[in-house]
C-alpha cells in the first residue's frame, strides 16, 4: 500500500517536473544554457521510468517500482532532478529582470549624462571659437607691434642722424672760436714755411728736376694714368703714387681709393701713418706722405664717388691739408684742414676740419667712445662723422648704422658706396 502511494506521488512529481521543463523549453532566455529535459514512460505493469537529459547531454534515469526496491536512492535522485529544474526555472525568471534592471539603470544614467555632455560640448565649442578669435586678435597685435618696432627703429636712426648734425654744429662753433683766438700764430708760421716752396715753384719742371707731385709729372709731359715716383720738398727720399691724368685736366695725386673690398681698412695707427694696399687698386697712401705733399704749397681736394647703381657724384674742396700747422704732425694726430666746398655729392667733410685722425688703437675724437672702433674705420672723426670713406665695404644698403663707406650728404648713413677716390692737386696760379 505504501509503495502504491509513493508511486502515485512520484508520477505526480514527474508530471510537475515535466511541465516546468516544458515551460522552460519554450521561454528560456537566449544566451543561457537550456534547462534539463525530463521525460516519463512506462517501464512495466506497475513501474514508471523518469529520464532527465541535462544540457551537457548526460542522462539521469529513475525507475519507480511499486515493490520499492532501492526507494531511498530513487527519491534522492528525483529530488536532485527537481532541484536542478527549480534552479533553472529560478534563473530563467530572475535573468530577464536582472537584465531589464541593468538596461533601465544604464538608460537612466545615459539620460542623466547626455544633457551634461551636450552642455560641455557646447562650452568647448564656445571656448574654441573664443580661442580662434583671440588668436586672430593676437596675430593682429603682433603685426602692429612689429610695425611699431620698425617705425621706432627708423625714428631712432633719424634721431641719431639729427643728433650727429646738432653735435657737429656745436663743435663747429666751438672750433671756430678756438681757431679765431689761438690759431693765428701757427697759421702764419705755416704760411711762412710754405712760402718759399710756393714762390719757387715753376709752372713746369725743368729738365732733370724731380717731380714733387703728379702735377709736376703731368707738366713734364707724362699724360697717362699710372704709378710715378714723386719727391716732395720735405720728403726727399721720395715715394711712389698713382697719378690721375684725366679728371678735370689731370695732375691729381691719389691718396685713397675704395673699389672692391679687397683690402682691409679697419687698421691701426701705424698702418694709417705709413700707408697700405696696392697703388693700382684699393690703398691708403699714408698720413706722413699726405702731410709731406700738402705742406709744399696750397692744395685742393677732389673726391669721386659711385654707388652700386652706377650713379656718380663728386665733391671739390678749394683748400686741403693734413698737419699744416703742426710742429710734430704725428704727435698732433695729423689734423685736417679743409674748406671751400663745391660739387654734386654735397658736403660731408667740412665738419671734420680741425679734427685729429683717429684709429681703433688711437682715439682723438670728441666722442665718449672710440668712433673708429664703433664705426669700423679710421678718419678725422668728431662726434662721430658725416663721412666715413675708410669704413667697411658693405656693398650698398645695409642695416647697420654709419659703418660702411659713407658720404652721408649723398647716400645717407646706411648705404656703403661702391667706389671712392680722394686725390689732391696744387692750386694752380692760372685758375
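Every residue, even glycine, has its Cβ placed from backbone N, Cα and C.
Look at Swiss-Prot and you will find 4-24 tagged as transmembrane segment.
Mean pLDDT across the topological domain 'Extracellular' (25-431) comes to 79 in this model. Swiss-Prot lists 25-431 with the feature topological domain 'Extracellular', giving sequence analysis as the kind of evidence.
The domain 'Fibrinogen C-terminal' feature in Swiss-Prot is assigned to 205-428.
Taken from Swiss-Prot, the feature disulfide bond applies to 214-243 (among others), supported by sequence analysis. Less than 8 angstroms from the CB of residue 214 (disulfide bond) sit 228, 230, 241, 243, 244, 245, 250, 251, 252, 253, 254, 425, each of them six or more residues away in the same chain. Residue 214 (disulfide bond) falls within a helix when secondary structure is assigned with DSSP.
Here residue 310 (N-linked glycosylation site) comes close to no residue that lies at least six apart in sequence on the same chain with a C-beta under 8 angstroms from its C-beta. Feature annotation from Swiss-Prot assigns N-linked glycosylation site to 310; the stated evidence is sequence analysis.
Annotation source Swiss-Prot lists Ca(2+) binding site at 363, 365, citing similarity to another entry. Under 8 Å, Cβ to Cβ, and six or more positions away along its own chain, residue 363 (Ca(2+) binding site) finds 370, 371, 372, 373.
Taken from Swiss-Prot, the feature disulfide bond covers 371-384 (among others), and the record attributes it to sequence analysis.
There are 28 other Cβ atoms within 10 Å of the Cβ belonging to residue 375 (site 'Implicated in ligand binding'). Swiss-Prot lists 375 (among others) with the feature site 'Implicated in ligand binding', giving similarity to another entry as the kind of evidence.
What Swiss-Prot lists as site 'Implicated in ligand binding' is 385 (among others). Around the Cβ of residue 385 (site 'Implicated in ligand binding'), the number of neighbouring Cβ atoms within 10 Å comes to 31.
DSSP assigns residue 401 (site 'Implicated in ligand binding') to coil, not to a helix or a strand. Taken from Swiss-Prot, the feature site 'Implicated in ligand binding' applies to 401 (among others), supported by similarity to another entry.
Taken from Swiss-Prot, the feature site 'Implicated in ligand binding' covers 402 (among others). A simple way to gauge crowding: the CB of residue 402 (site 'Implicated in ligand binding') has 26 other CB atoms within 10 angstroms, across all the protein chains here.
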Disulfide-bonded residues compared (243, 371, 384) - the one with the fewest other Cβ atoms within 10 Å:
384
Name, in the order they occur in the sequence, the residues of the same chain whose CB lies under 8 A from the CB of residue 365 (Ca(2+) binding site) and which sit 6 or more residues away.
355, 356, 358, 371, 372, 381, 382, 383, 384
